[in-house]
Every structure is written in C-alpha cells, then in structure tokens.
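This report concerns only the one structure given below.
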Amino acid sequence: RWYQKLLDAGVEENGIKPVPVGQRTSTQYSSLFTVFFSCLLCLLPIPTGMLATLSMGMSLRDASLIILFFALLTCIPPAFMGIGGLETGLRQLVQARYSFGLYLVTIPLLLNAATVTGFSLLSSIVGGQTLASLNPDTVSVNIGIVVVCLVSFALSLLGFNALHFWERWAWIPNLISIVIAVGCGGKYLYLQNDAEPANPSRVLTYGGLIAGYFITFGGTVSDYSIYHNPRGVSKLKIFLYIYAGLLLPSVPLLILGAAIGGAVPNVPAWKAAYAATGIGGVMGEMLAPAGGFGKFVLVMLALSVIGNIAISMYSVALNLQMLLPFFARVHRFAFILATMAIMIPFAIRAAEAWEESLTNFLAVIGYWAGCFDAVLIVELVAFRRMDYSTFDHAFWNVGRKLPPGIAAVAASLVSMVLVVPGMAEPWYTGPIAAQTGDIGFETAFAVTAISYLAFRWLEIRWRGHL
C-alpha cells in the first residue's frame with residue numbers, strides 16, 4: 001500500500017525497460033533545457049576553470065578563449081545524442097546495445113558508471129569543502145561530503161519526474177547565490193597572475209579537459225528524455241534545448257573559475273582559504289563582507305551541487321541495472337544506495353589530493369567518451385540513416401538479434417593505438433603528446449569514427465542485416 005502511494009505521488013517505477021510511444025506523453029520540452037542548466041549551474045564548473053590559470057599557468061584571456069571554443073564544439077555530440085531518448089524511448093546505454101551488442105556493451109556500461117560516479121565524487125567534494133568553510137575548526141570536509149551525498153540520495157531515489165521538477169526551479173537560488181558571491185568578492189578578480197601566451201601544447205591539453213567535461217554527457221543524456229512525446233516537436237528544437245542547457249551555465253562558470261584561479265595567488269586570504277578548504281574556502285572569503293547573510297549564501301552554494309549529484313546517481317543506477325539480466329528486477333534504490341556507499345569514502349580520499357584528482361579524472365574520461373560518442377553517432381547517421389524506428393523494442397534485450405558489438409569494440413581499440421602516444425597526464429606523457437600536447441580526445445573520436453565505418457560495414461555484410 002505504501003509503495004502504491006509513492007507511485008501515485010509520481011515516484012518512477014520503470015528502470016531500463018523501453019518506454020512505448022504511447023507512454024511518452026510529456027510535452028514540457030523546456031525541461032530538457034532546465035535539467036542540464038540547473039545541474040551545471042553550481043560550483044562544479046568553477047574548480048575545472050581554475051585548473052587553467054592556477055595549475056597550468058595560463059592567462060585569463062587564453063583560458064577563456066579555450067573554454068569557449070571547446071565548449072561550443074564538444075556540446076554538439078551529447079546534444080545530438082539526446083534526441084534519441086524521446087525518439088526511441090530507450091535509455092542511453094540501452095541504445096548503445098544496438099552498436100555494442102547485449103554483452104560487449106558491458107564495457108561502456110562500466111566505464112560510464114565509473115565516469116558518472118566520478119562526477120558525483122567531484123560535486124560532493126566541492127559541496128563538502130563549501131560546507132566545511134563555514135567553520136573549518138568544527139566542520140570537516142568529510143562531514144560536508146556526507147551531508148551533500150545524503151540529501152542528493154533522497155532526490156535521485158524519487159526518479160524522473162522529481163528530478164525534472166527539482167531542476168526546473170533549482171537554478172533560481174543557485175544563480176542568485178553565485179551572483180551574490182561574485183558581487184561581494186569580485187573586486188579582487190582583476191588581480192591576475194602574469195602569464196605568457198599559451199602554446200599549442202597547453203591549449204590542446206586544457207582543451208582536452210574541457211572536452212572530457214562535456215562529451216561524457218553522451219553516456220547519460222537520453223536518460224532524461226525518454227518520457228517526452230516525439231510527435232509534434234522538431235529534432236532541432238530538442239537539440240537546441242539540450243545544447244543550450246549544457247553550454248549556457250558552464251561557460252560563464254568555467255571562466256569565473258579561471259578568473260578566481262588567476263587571483264588566488266595574489267589575494268592572501270583567498271590563498272590561505274584555498275589551501276584549507278579548496279574552492280569552498282575561497283567562496284567563503286568572497287562572501288565574508290556579507291557577514292551572517294554570507295554564511296547563509298555559502299550554504300546555498302554548497303547545496304547547489306545536489307541536482308548534479310542526483311541526476312548522476314540516477315544514471316548510475318540505470319547502468320548497474322543493465323549489467324546482469326536479473327539486476328533489471330532490482331529496484332533503483334538498491335543501486336543508488338550501493339553507489340553512495342562506495343562514493344563517500346572515495347570522495348573523502350580524492351579530496352586529499354584535489355587538483356591532481358580533478359585533472360586526472362577529466363583527462364582520462366575524455367578518451368573513452370570520445371570513442372563511445374563516435375560509435376553511437378556513426379551508427380545512427382551512417383548505418384541507420386537517422387531512422388529511429390530501427391531501434392526495435394522487440395529485441396532490446398535479445399542478444400542474437402542485436403549486433404555482436406565486435407565492430408564497436410574493435411574500432412575503439414584501434415583508436416587506442418594513437419590515443420596512448422597522444423596522452424599527456426601527470427603520470428604519463430606519450431611521445432606524440434610531448435610535441436603537440438594532449439590530443440587523446442580528438443584522436444579517440446576521429447579514429448574510432450573512421451574505423452567503425454569500415455568494421456561495422458563488414459559486420460553487416462557478415463550478418464546480412466543491422
């Protein structure tokens with residue numbers, strides 16, 4: 001009885017099963033904008049922007065131009081892939097079965113689950129640092145991380161409708177809080193470090209980090225559009241909603257982060273606060289002139305990451321439901337709880353080496369995400385001719401009817417031959433990257449796309465059908 005009351009209240013029961021077109025009834029297409037706009041209008045982009053000036057020694061101007069260019073470019077793949085959600089009624093990684101097959105899709109499943117969990121880690125660390133900055137002597141970053149994760153857990157459990165409702169309005173207090181923080185502390189942002197013009201190597205390396213920030217949405221974007229009605233709305237409109245939702249909040253906040261990162265070494269209070277509690281400490285110093293009200297705004301900033309963590313946990317639970325057939329019968333609650341149990345200790349550990357954790361994570365995820373996005377886009381455009389009806393619900397979980405996935409995996413592996421020499425990480429720099437900077441993402445996407453065209457054509461010839 002209590003469970004039925006939850007369902008009647010709007011809690012989502014469906015997991016990974018396809019949604020028939022008759023059940024895709026939502027016409028609130030603007031929610032495809034707000035779900036991403038709100039989840040990214042938080043503190044998470046700010047430390048990513050700080051890496052350019054604080055860690056990589058770029059000028060604010062160079063960092064801003066790199067952020068803008070790579071954001072404009074790398075928002076395109078996930079926005080295009082998001083159209084498939086309402087057109088097919090399939091979750092993003094269920095759509096991937098029509099390229100990777102029922103069994104080999106486990107590889108991107110695990111990688112995507114790790115990626116999305118990683119973003120949740122980063123968000124929880126940022127939120128935890130901000131809560132800790134309220135009173136570093138009594139509130140630790142660890143406690144802040146736990147509080148943020150618990151609140152996010154409750155929201156992600158409620159499902160699709162609750163997430164869209166939250167994200168529809170959460171951007172308002174988030175935006176107000178960020179504007180107040182900049183208004184109180186922005187007078188120091190002009191104190192930028194002197195920096196030489198960025199060379200091509202640094203441009204490509206930081207551009208790869210920005211690419212890793214955006215293109216990984218290609219593994220989750222359709223999860224939030226499968227209940228929308230595909231009739232009576234243009235694909236271009238859906239693309240623009242998602243594209244704008246990803247781009248508009250991220251670019252200003254990434255650039256704000258770059259501005260803060262360039263000023264931190266030159267503002268003693270900010271420098272000390274950053275050493276103590278990271279970006280949360282800096283935000284606390286920026287809001288210090290506002291006194292008690294500033295502390296209230298600081299709490300709001302800490303809670304701004306809840307929407308980001310909640311949609312991440314939602315997608316991770318869906319990924320885990322796909323790993324084994326009987327997992328599909330296990331409610332999302334169990335997987336969200338398991339994810340949170342794993343995430344909290346990992347977040348606490350990652351917070352101890354914050355900048356290094358962030359740099360390594362953003363760079364590495366860009367490599368596999370480039371392969372994944374390339375496979376799904378080439379499959380849809382070149383082989384299915386943009387015909388979403390070829391994603392037949394009748395065999396979404398029938399291995400012999402789906403592609404074997406050999407072409408998808410082989411194309412991704414071929415790209416790694418050039419990706420590895422093109423990597424530039426703190427722990428490894430390939431021979432190509434030593435001359436050019438990190439070109440791993442660009443290589444992964446381009447080589448995978450070209451290879452998949454050939455391998456998938458051979459696979460279709462061998463099978464005699466898609």
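Every residue, even glycine, has its Cβ placed from backbone N, Cα and C.
Bear in mind that TrEMBL entries carry predicted annotations, made automatically and left uncurated.
Here the transmembrane segment (32-54) has long-range neighbours at 60, 62-63, 66-67, 82, 119, 122-123, 126-127, 130, 163-164, 166-171, 174-175, 178, 192-193, 195, 206, 209-210, 213, 217, 224-225, 228, 238, 241-242, 244-246, 248-250, 253-262, 264-265, 278-280, 283, 301-302, 304-305, 307-308, 310-311, 354-355, 358-359, 362, meaning same-chain residues at least 6 beyond its ends whose C-beta is under 8 angstroms from one of its own. Marked as transmembrane segment by TrEMBL: 32-54 (among others).
Sequence-distant contacts of the transmembrane segment (66-86) (same chain, six or more residues past either end, CB-CB distance under 8 Å): 24, 32, 49, 52, 58, 92, 95, 198, 203, 206-207, 210-211, 213-218, 221-230, 233, 235, 238-240, 242-243, 246-247, 250-251, 254-255, 258, 373, 376-377, 380, 388, 391. Taken from TrEMBL, the feature transmembrane segment applies to 66-86 (among others).
Sequence-distant contacts of the transmembrane segment (98-121), counting only residues of its own chain at least 6 positions beyond either end whose CB sits under 8 Å from a CB of the stretch, comprise 44, 149, 152, 216, 219-220, 308-309, 312-313, 315-316, 319-320, 322-323, 339, 342-343, 346-347, 350, 361, 365, 368-369, 372, 375-376, 379, 390-391, 397-399, 402-409, 456, 466. Residues or ranges marked as transmembrane segment in TrEMBL: 98-121 (among others).
Annotated transmembrane segment per TrEMBL: 141-163 (among others), in sequence order. Remote same-chain residues near the transmembrane segment (141-163) are listed as 10-13, 35, 120, 123-125, 127-132, 224, 226-227, 277-278, 280, 302-303, 305-307, 309-314, 317, 332-333, 336-337, 340, 343-344, 347-348, 351 (criterion: CB distance under 8 Å, separation of at least six residues from the stretch ends).
What TrEMBL lists as transmembrane segment is 170-191 (among others).
If you look up TrEMBL, you'll see 203-226 (among others) marked as transmembrane segment.
The transmembrane segment annotation in TrEMBL covers 238-260 (among others). Remote same-chain residues near the transmembrane segment (238-260) are listed as 29-30, 32-38, 40-41, 45-53, 58, 60, 63-64, 67-68, 71-72, 75-76, 78-80, 82-83, 86, 171, 178, 182, 189, 192, 210, 213-214, 217, 221, 225, 228, 270, 279, 282 (criterion: CB distance under 8 Å, separation of at least six residues from the stretch ends).
Positions annotated as transmembrane segment by TrEMBL: 296-318 (among others). With a cut-off of 8 Å between Cβ atoms, the residues of this chain six or more beyond the transmembrane segment (296-318) that come close are 15-16, 35, 38-44, 91-93, 112-113, 116-117, 119-120, 123-124, 126-128, 130-131, 133-134, 144, 148-149, 151-153, 155-156, 159-160, 163, 166-167, 170, 173-174, 176-178, 180-181, 219-220, 223-224, 280, 283-284, 287, 290, 332, 335-336, 339-340.
Tertiary neighbourhood of the transmembrane segment (330-348): same-chain residues 15, 117, 120-121, 124-125, 128, 141-142, 145-146, 149-150, 153, 156-157, 159, 313-314, 316-318, 320-321, selected by CB-CB distance under 8 Å and a gap of 6+ residues from either end. Sequence annotations record features per position, and here TrEMBL assigns transmembrane segment to 330-348 (among others).
Here the transmembrane segment (360-383) has Cβ contacts under 8 Å with residues 48, 77-78, 80-81, 84, 95-96, 98-100, 108, 111-112, 115, 118, 122, 208-209, 211-213, 215-216, 218-219, 408, 411-412, 415-416, 419, 423-427, 438, 440-446, 448-449, 452-453, 456, 460, 466 of the same chain, all six or more residues outside its ends. The transmembrane segment annotation in TrEMBL covers 360-383 (among others).
Long-range contacts of the transmembrane segment (404-424) within the same chain: residues 99-105, 107, 201, 205, 208, 363, 367-368, 370-372, 374-375, 379, 430-434, 436-440, 442-444, 446-449, 451-452, 455-456, 458-459, 463, each at least 6 residues beyond the stretch ends and with a Cβ under 8 Å from a Cβ of the stretch. According to TrEMBL, the feature transmembrane segment maps to 404-424 (among others).
As annotated by TrEMBL, transmembrane segment applies to 439-458 (among others).
Tertiary proximity for the transmembrane segment (203-226) is limited to same-chain residues at least six positions away from its ends with a CB under 8 Å from its CB atoms, namely 19, 24, 32, 35-36, 45, 48, 51-52, 56, 58, 62-63, 66-67, 69-71, 73-75, 77-79, 81-86, 88-93, 95, 108, 112, 115-116, 119, 160, 163-164, 238, 242, 246, 250, 254, 311-312, 314-315, 318, 359, 361-366, 369-370, 372-373, 376, 424, 433, 436-442, 445.
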